[in-house]
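The annotation active site, proton donor/acceptor is assigned in Swiss-Prot to H153 on the grounds of sequence analysis. Annotated active site, proton donor per Swiss-Prot: K157, in sequence order, evidence recorded as sequence analysis. The NAD(+) binding site feature in Swiss-Prot is assigned to G10, A11, S12, G13, K14, M15, G97, T98, T99, A123, P124, N125, F126. Annotation source Swiss-Prot lists NADP(+) binding site at R38. Under the heading (S)-2,3,4,5-tetrahydrodipicolinate binding site, Swiss-Prot lists H154, G163, T164, citing sequence analysis as support.
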Amino acid sequence: MTPIKVVVHGASGKMGQEVLKTLCQENNFHPVGAVDIRAESPAMALPDGSGSIPYSADLSSILSQTKPDVMVDFTVAKASMPAIRIAAAHKVNLVIGTTGFSPEEISEIEQLAKTNDIGIILAPNFALGAIIMVHLAQVASRFLSSAEVIELHHDKKLDSPSGTALVTVASMLEARGEAFNKPPKENLTDARGQEHDGIRVHSVRLPGLLAHQEVIFGAAGQTLTIRHDAFSRECYMPGVLLAIKEIVHTKGFVFGLDKLLKL
């Protein structure tokens, strides 16, 4: 199998570095370029010490120079949207792990995939355990009508609620087919989190955390808690590799890693 050539956008960030390290360990993937707004030199040393790859803040230049099969994006929505447009114009498939997009931006990303005849996967979470957590929450939502979501992340995460929390809530509501039980009236506005059709969502941002979420269901005499904890960014890499592998054979827009797992 010819290795899949990959450019990483947001390469100097923590997720970008983890992606590059993982790609270097795999025979079927080949990192060929790195892009980051903080780039100050024309080359970036690979994490495994095997050499260096072209490095620039100019995405279009890197894509023209390296001719990748896939661009992996882990940045912020404000930086990601212009990069997605550029990559799509270059006919480069995309794996997007950035969150915080508006519904209008997601619609634009879907249209870019169609217009440019490329594959784009946008996934709020690449941890396989987190995907299974959402799936189990969907199952429970068919039977239990009171639920709350608590998501906890590191203090550098900009968006709240997290993309995973929003996807979890949407999936639960879809599975249930109606609103959950409305919680009692609160005396202090937003003291019990943000309400989504009866589901309260609570966001915690603290140093020392990475990415954690629990979905708590309650019924008379019982509770059910479904929880996922990410302690290291390594947990996202199997999902990222799966997305890269599949997107080169996929046309159009895919939202969520669960579609590739066929859950």
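Glycine is treated like the rest: Cβ placed from N, Cα and C.
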Look at the recorded positions K14, R38, H153, H154, K157 and tell me which residue has the greatest number of other C-beta atoms within 10 angstroms of its C-beta.
H153
T99 (NAD(+) binding site) to the residue listed as 'active site, proton donor', Cα to Cα, whole Å, comes out at 10
If you measure between the CA atoms of F126 (NAD(+) binding site) and H153 (active site, proton donor/acceptor) and round to the nearest Å, you get 15
Which of the three DSSP states, helix, strand or coil, fits the residue listed as 'active site, proton donor/acceptor'?
strand
Given the recorded positions H153, H154, K157, T164, which lie within 10 A of K14 (NAD(+) binding site) by CA-CA distance?
none
If you run the three-state DSSP split on T99 (NAD(+) binding site), which class comes out?
coil
Among S12, T99, all listed as binding-site residues, which has the most CB atoms within 10 Å of its CB?
T99
Residues within 8 Å of the H154, G163, T164 Cβ centre (excluding the (S)-2,3,4,5-tetrahydrodipicolinate site residues themselves)
T99, P124, N125, E151, H153, K157, D159, S162, A165, A211, Q213
Can you tell which of the recorded positions R38, H153, H154, K157, G163 lies nearest to G10 (NAD(+) binding site) in space, using Cα positions?
R38
Sequence gap of 6 or more, C-beta under 8 Å: which same-chain residues meet both conditions with respect to P124 (NAD(+) binding site)?
T99, S162, G163, T164, L166, V167, G256
Between the Cα atoms of H154 ((S)-2,3,4,5-tetrahydrodipicolinate binding site) and R38 (NADP(+) binding site), find the distance and write it as a whole number of Å.
22
Under 8 Å between C-beta atoms and at least six apart in sequence, can you list the same-chain neighbours of G97 (NAD(+) binding site), or say none if there are none?
M15, V72, D73, F74, A123, F126, Y236, V240
